[in-house]
Each structure stands twice: as C-alpha cells, then as structure tokens.
Amino acid sequence: MVDVTKWPVFSLMGTQELSMIRKASVFGTSANEAIYVTKDDEVYVFGLNCSNCLGTGDSQSSVVPKKLDFLSGRKVVSLSYGSGPHVLLATEDGELFAWGHNGYSQLGNGTTNQGVAPVLVSANLLNKKVTEVACGSHHSMALTDSGEVYAWGYNNCGQVGSGSTANQPTPRRVSSCLQSKVAVGIVCGQTSSLAVVDNGEVYGWGYNGNGQLGLGNNGNQLTPCRLVALQGSCVQQIVSGYAHSLALTDEGLLYTWGANTFGQLGTGNKSNQLSPVQIMSEKERIVEVAACHSTHTSAAKTQSGQVYMWGQCRGQSIVLPHLTHFTCTDDVFACFATPSVMWRLLSMEHDDFLTVAQSLKKEFDNPETADLKFCIDGKYIYVHKAVLKIRCEHFRSMFQSHWNEDMKEVIEIDQFSYPVYRSFLEFLYTDNVELPPEDAIGLLDLATSYCENRLKRLCQHIIKRGITAENAFSLLSAAVRYDAEDLEDFCFKFCVNHLTEVTQTAAFWQIDGDLLKDFICRASRCGAFKN
C-alpha cells in the first residue's frame, strides 16, 4: 500500500488525518504543494501556494490543510498540474475546474488573470463530459467521454495543436487527423502533447527539439502527427517526462524516445532518440510505466511486481533500468525524483485490503479467532498459539507436548502485571511498544526473562525518553537489576548531571544500600562532588 508520508509535505499530518485520505497529488517546482481528497469527498490543500495554486482565494501559504468548500462533495476522477503551477481537476459528473497560474490563459477562461479559486471551465465544453485532464508547463488538455481532445493555453511550439503558435485562451478541439479518432488517453510534456486512440495509435504535436514526439525528426509540429514507427503495435499507456516519452503496448513491450541527458530513456547511453526504441526487452512483461513533465525520471513495473527506475534519480544519471525494492512506481518519485512530485493522482482505494502485518495487528486480543487466552490479574488476553510460536522462542518451547501449558486453553500469569504482559503480547503482533517508562521497567524484566533482545532494546529506548529527576534513580536500579548496561550508563549520567534534584527524591533514599554505595563511589570518581 502506498504511504503518502514518503512525500515530505505529508509528514506533519497526524494518523487520523492520513487515514481519511482517498486520493492525493503533490506538485510544484519544489514539490511543496499538495491537494488531497478525503473518503467523504472533501478536498483539502496545503503548501507554499505559488501563483495561488492552492485555490484558497488568497496567496497565503499553509502547513495546515485548508478545505476547498467550492469542491465539497464533488467526486474527483482526474487531476493534473503545470509548472506555474496551474491545476486542472475533473469530477465524476464531467465538470472541469481550474485555478492557479494563468499568464498564458492555461485556465481556459479567456483571460490571463490569476485564478485564486477553482472556477468551472465551460467555454466550448458545454454538454461535454470531461473524463481526463493533462497539463504541460503552461498549456492544458482535456479528454471527453466521447474521445474528443481539447487543448488551450501556451502555444509557442504548437502544443495546443491548432495549426498556429498563437496562444489559445479557451478550450479548442484538437482536430486535424484526430477529427475522426476516438482518443482514450492524453499526456503532456513541458511543451509537447501526446494522445493515444482506441486502436492503439499514438499522435504527437508541439515542441520536438529533443525528438519527444517520436516522429524521426526534431521539427515542431503545429497539428497532431501519427508516430508511424509504432505502426503494428497497440499502445495501451503513454506517459511523458520533461522532454521524453514512454509507450507501453498491449503485449507488455516498452518503447522510449526523446531527450536523454540523464539517461531517462533507459538505453544505456545519453543520446537523444528521435524515434521509439524498445528497452527492457530481456525483462518480463511490463504492466505499467511512469513519468511526469516536471521530472527527468522514468519508472516501470513488471508483471511479477518488480519496480525499475532510471533517468535522473536524486541527482544521479541512471542510464539503464535499475531494479528497486519498491512495490509501486509512485515510490520512485517520492524517493528519487527531483522534485519529488507525484506522477499521477494517487489513489489509496484498496478495497479494504489488509497486509499480513495489518491483519495480525487487527486480530490481537480477538476472542472470535483466538485459540488461547492468558489470565493476568483476573483479566483475559486472547491470542493465537501459532502466532506466539512463530514470533517467540519462549512460546515455541512452551507449546511442546511435554509442557503442561500445551494442553491448556487458559494460562495463568502471576509474575508480571496485566499492562506489562499485554504489552508484550501486543508487541508479538505489531512490533510496537507503547508504555510509560515505569511500566517499561516491568517489560524490561520480562524481555530479559524471555531472552527477547529486540524488546529489551525497545524498553530501554522508552525508559530513556521518559527519564526525569523523580524516576531516574528507580530506573537506574532497574537497569542494574536487569543487566541493561547501556541503560545503566545512561541513567547514571542523568543522575550525575541532575545530582541535586535526584538526591532530594524519595526514590534515592529508599534504594538498596549496596546500590547507593556503588552510585556514590562512581559519582565521586566522575568528580560529581567537587566544589
């Protein structure tokens, strides 16, 4: 499952807020702006707000998410962003909204006034249902449910496809050789445009100085031209980077073309390609490709779930597809793209699918599925023998036929408290421990008894974070008792550094005499009692 906190802008959000996110996009020249849609179809934005791209009605930046009330309840199906940035958003009802930078009329409202809040784009789109949007640097495209392509905005290289280089202030249908075609997908490079039609043909127009249109030359095109080099291939997906393009066929074959300064074509060199070149032919079937106009990064996912990346990756030029440990192409852009934007509107809809770890966590202390319970201080904790045996050597030994406990349905525990033992069992299901420092001492005792070294380290970490003058000497005593040398050294230094406060606590004078003598000797050797 995709974790949006891999994008730094989301790292300040709390668990509850994150759990409500259904769709999200990170954008902007420094990946400092974000928009997300919640499960109840509320739209929120936060970030730097360059060119009013957050659509909040003002130019204020915000680290706190702000709701766009105008878009409340509208189901978002497609979203894209430009370099200004400007933002396009399409809803399930086929409506198109735009806001942000508008210096080239890329908002499609006939003006060049900045769009401070979402506005419905209606010119030439009345009775049209928009299903997909795409943004270049400063131009915009929309695809309708009938397969028509509309474009508008900056047109210095013909990227609007109107046959001229005059900027287009309102949506205009891209016709020419697309007139009788049914488009099924659209993408934009910085100043170029591509469309794939229902028979798998690809058409390109706009800037072509790096060969990003794949036409075999580097001349700009003011109207759509078919990529004849892909004839015989049925393209299912196209994506565009800053000045390069990728196409995936229905047979799982991958073709790349265009700029290659950073190795973003994956050909093993940095030479631009004016025509499509097949790459990864020795790999298994490709099922997804990824790129976006604000980066020089490329990624692909194979049938077995392997994710490869190449191009500009955190400043490095990777000229051949490199196998990663990621499970989705989105993570490549979160961790390695510059800027670390999202290459598509990210969806967190997973049909309530739970990973193994999430399922285990959910089943802890569940009487409906448990086959064993522990009784501590008169309270029950419900667990599963198999999980305990897999996760803990102590239980693996306990549940042998020669142990009495193996035949029991209820096991009584009297040497540890309920909070401590519950926390231990929960750790076996979650790998996490949440206890106050005082209880963590008891858990440290248990971890020592059960030879659970990782748990022992976690307990020491909790105790260190919670040490105060009031409990420092008690914690030092526990560290000595449970042979936790690192913790003992930490507590000792804390006591010496706060000697006056510590020696005035009840815990200091109630401590075992030998430990007190040992502390005084060690402290004197450290010069704690010098004037």
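Quick reminder: no glycine exception, Cβ is built from N, Cα and C everywhere.
Under the heading domain 'BTB', TrEMBL lists 370-437.
Summarising model confidence by region, the repeat 'RCC1' (41-92) averages a pLDDT of 96. TrEMBL lists 41-92 (among others) with the feature repeat 'RCC1'.
DSSP labels the residues of the repeat 'RCC1' (94-146) in these numbers: 0 helix, 23 strand, 30 coil. The repeat 'RCC1' annotation in TrEMBL covers 94-146 (among others).
Secondary structure by DSSP for the repeat 'RCC1' (147-199): 3 helix, 23 strand, 27 coil. Positions annotated as repeat 'RCC1' by TrEMBL: 147-199 (among others).
The repeat 'RCC1' annotation in TrEMBL covers 200-251 (among others).
Here TrEMBL flags 252-303 (among others) as repeat 'RCC1'.
Per DSSP, the domain 'BTB' (370-437) is made up of 31 helix, 13 strand, 24 coil.
When DSSP labels each residue, the repeat 'RCC1' (252-303) comes out as 0 helix, 23 strand, 29 coil, counted as helix, strand and coil in that order.
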